[in-house]
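What follows is a single structure, written as structure tokens, with notes after it.
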Amino acid sequence: MTATIIDGKAFAATIRARVAEEVARVKAAGVTPGLAVVLVGEDPASAVYVRNKGRQTLEAGMHSEEHRLDATASEAEVLDIVARLNADPAIHGILVQLPLPDHIDAGLVIDAIDPDKDVDGFHISNVGRLATGQKALVPCTPLGCLMMLRDHLGDLSGREAVVIGRSNIVGKPMAQLLLRDSATVTIAHSRTADLPAVVRRADIVVAAVGRPKMVTGDWIKPGATVIDVGINRVPNGEKNRLVGDCDFESCAAVAGAITPVPGGVGPMTIACLLANTVTACCRAHGLPEPEGLTA
Ligand SMILES: NC(=O)C1=CN([C@@H]2O[C@H](COP(=O)(O)OP(=O)(O)OC[C@H]3O[C@@H](n4cnc5c(N)ncnc54)[C@H](OP(=O)(O)O)[C@@H]3O)[C@@H](O)[C@H]2O)C=CC1
Ligand SMILES: Nc1nc(=O)c2c([nH]1)NC[C@@H]1CN(c3ccc(C(=O)N[C@@H](CCC(=O)O)C(=O)O)cc3)C=[N+]21
């Protein structure tokens, strides 16, 4: 069997086109959705992400701003910028790029963001709202994965899903979203006993580990849908190359469908960030919410 390749890049372009339509509608009502990104220090791994984000925000017709601070900036300086953005009526979405330098408490900074502007969905109230089934802003990477799964599989109810990784930004919210869609969810991590056997049960595998090509084809149930969240830079001659957490060749030989890296989850993450910004803007102004762009 050879897997269908789920084209995240193409799917993300359709989401961004929908976002642009919604931006036009909101602008006609007199509001321009605005996204602010806060960067502390230079993280080379995040450079492409940040560049693409800024460009695509403008292309969708939104207002975009970047606030760059030196790596030596104090926690108080970061909190001060967040406070100003919270109070700024032109800003509907705030994203503080992670990781932050070690001397800054990331949890403190995230929880200082107005939850209604927290387009990453990392604030403790959004985490709690998602977990309790209330209206929330949902983390972009899991939201993008969910959209691809629904698009490819339709109804997810009753399906066996295994999420590998339990981070607050990917694994845990992914599991919450799958649970909300009535999948039977297992969260695996570094202490999971016999991980290959656990993954072999899955109709849906979401790999969010950060280990290049860890998941191999012999772990995959024939016909399963594999979502590869991993973004790993590995040396390739003079340059670096991006690979996922799944060994694409061997997994694609067994899976029913698989996302590539690059061109899978990454572009969907950015598209969902734009979608969350329009959603936050509509909620802030009491405008009807976009359809099909939320979880
Ligand atoms: N495409 C995109 O838009 C995005 C991609 N990413 C990528 O996704 C990957 C995961 O990111 P993130 O969640 O932030 O990473 P974290 O490092 O925060 O979490 C990794 C998780 O993987 C688990 N893990 C580590 N080693 C193993 C192992 N050998 N077997 C099983 N589980 C293991 C860890 O378990 P434990 O908790 O026990 O330590 C942990 O829960 C990275 O490659 C990252 O670059 C991240 C965000 C967005
Ligand atoms: N507050 C915060 N929120 C995040 O969502 C967040 C973050 N911090 N810090 C870093 C991680 C990583 N991340 C990526 C998003 C898109 C691509 C992406 O577009 N990747 C392209 C390729 C990019 C390339 O060529 O390097 C792809 O996979 O096709 C990658 C990585 C979001 N993150």
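Cβ coordinates are placed from backbone N, Cα and C, and glycine is handled just like the others.
Nobody curates TrEMBL annotations by hand; they come from automatic prediction.
Arg166 (NADP(+) binding site) falls outside any helix or strand according to DSSP and counts as coil. As annotated by TrEMBL, NADP(+) binding site applies to Gly165, Arg166, Ser167, Ile231.
The feature domain 'Tetrahydrofolate dehydrogenase/cyclohydrolase catalytic' is assigned by TrEMBL to 6-120.
Annotation source TrEMBL lists domain 'Tetrahydrofolate dehydrogenase/cyclohydrolase NAD(P)-binding' at 139-283. DSSP labels the residues of the domain 'Tetrahydrofolate dehydrogenase/cyclohydrolase NAD(P)-binding' (139-283) in these numbers: 57 helix, 32 strand, 56 coil.
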(request) Note down the number of other Cβ atoms within 10 Å of the Cβ of Arg166 (NADP(+) binding site), including every protein chain shown. (result) 17
(message) Are there any residues at least 6 positions away along the chain from Gly165 (NADP(+) binding site) with a Cβ closer than 8 Å to its Cβ? List them or say none.
(response) Gly171, Ile187, Ala188, His189, Val206, Ala207, Ala208, Val209, Gly210, Val229
(request) Using a 10 angstroms cut-off on Cβ to Cβ distances, just flag whichever of Ser167, Ile231 is the loneliest among these binding-site residues. (result) Ser167
(message) Could you tell me the mean pLDDT the prediction assigns to the domain 'Tetrahydrofolate dehydrogenase/cyclohydrolase NAD(P)-binding' (139-283)?
(response) 98
